[in-house]
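**Q** Quick paste of what TrEMBL says about this protein:
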- 468-488: compositional bias 'Basic and acidic residues' (COMPBIAS)
- 468-500: region 'Disordered' (REGION)
- 29-49: transmembrane segment (TRANSMEM)
- 61-81: transmembrane segment (TRANSMEM)
- 101-123: transmembrane segment (TRANSMEM)
- 373-391: transmembrane segment (TRANSMEM)
- 411-433: transmembrane segment (TRANSMEM)
- 439-460: transmembrane segment (TRANSMEM)
């Protein structure tokens, strides 16, 4: 396998002629080629290395070796960082005490990721379109920290989330398997082990086999064929849309001086929305293809629909229609990069006692990288989230009085959500401080100011207040139930006394 040390690609140059013919960067060509190869290997893995035909040990070994090969092909020797990061974190898990193991593991794993991101951006200066070896490390960081928290929670609580420390082979297979080494998505360690051992269908068969309706599915293993084909079609459409529109509607054009000075503001808003609409299919393609690869290998089964058809969305990373028609900032985020959102919720939001929303957005910025644009985006996201929450809690109830009012509310909030998302994400795309601030100045920071006014004007209860209110309500209901039961018992006793 030939490699080069140019700034454009650190992996194999085998596909250089194809890269020149189709006029795409070599690292992107390598990525797509490796993912298509992984798709073929996934089908072979499910058919010929099925749990009924071979042992979990063989499945672990093959999945890991194939993952290492794909990493080497795409990133060359930089893929060694995957092993170093995994090795350091595994050592922490083995030698650190159980009480603080998850915290030390989180610091070491995230710290090594940030160190690599700093060297990539500010030392080697690869830039935006080069082979980014920190992309897979971001997913590995999620997996390692998720596992550490699962082990800690399983050992220190009644709920056995993860009851044992994995072996080194199981650990490497979980982090670096060929299905998720390049684009993820992250997943639960228990779910991955159930897939390797062939037990991922049994619990969900039993959960869904209520009576006669789904009983027939207990004896047959569901096939992912239809879902894989559907997701590959989505990939093809997404890629075609992206390649057709990305150069016609560049986000950078929104800060062009001539464009800003000569274009009415309402047309600037429409252009920005269309530019972001043209950019999103790139992510749809990458994440949907990654999901299809996992499904083709037999990983991702999530029970059955009401009509009896199997669901293969256990580790899906997005819901396209819910994204494009989102009527709130939260709804958009809940359906975008789903597994990352769940990871942030598990390791940060649910454990942070001081302003968990701000802490979660800050962690997301640190995890994404060291470009200043990332921090501008996620700091803006904090204000947007708080404002959207205030509007939903204070204004939405007035529109629920009739279906027509609700429809009007949904249309307005859809438009506002799309504009707010586009406005927020611009620095994420532009990366640098100068262009990002230039964009915000061209809009006079209008959405920042509007959100601050909404947050100050409309009261919203904190998460603690909401939780306390729910607990008080539950306690009140419990007391009422006990009182009712007590009165019922007294009445029965009185009737017995009268009868006597």
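Placement of Cβ uses the backbone N, Cα and C atoms for every residue, glycine included.
Remember, TrEMBL labels are computer predictions, not curated facts.
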**Q** Against which stretches of its own chain does the transmembrane segment (439-460) lie, if we need a Cβ under 8 Å and a gap of at least six residues from its ends?
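**A** The answer is 254-255, 260, 268, 380, 383-384, 386-387, 389-391, 393-395, 419-420, 423-424, 426-427, 430.
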**Q** Find the member of 29-49, 61-81, 101-123, 373-391 that has more C-beta pairs under 8 Å to the transmembrane segment (411-433) than any other listed stretch.
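**A** The listed stretch sharing the most Cβ pairs with the transmembrane segment (411-433) is 373-391.
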**Q** Short question: which residues 6 or more past the ends of the transmembrane segment (373-391) have a Cβ under 8 Å from it?
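**A** That would be 328-330, 333, 357-358, 361-362, 364-365, 413, 417, 420, 423-433, 436-437, 447-448, 450-452, 454-455, 458-460.
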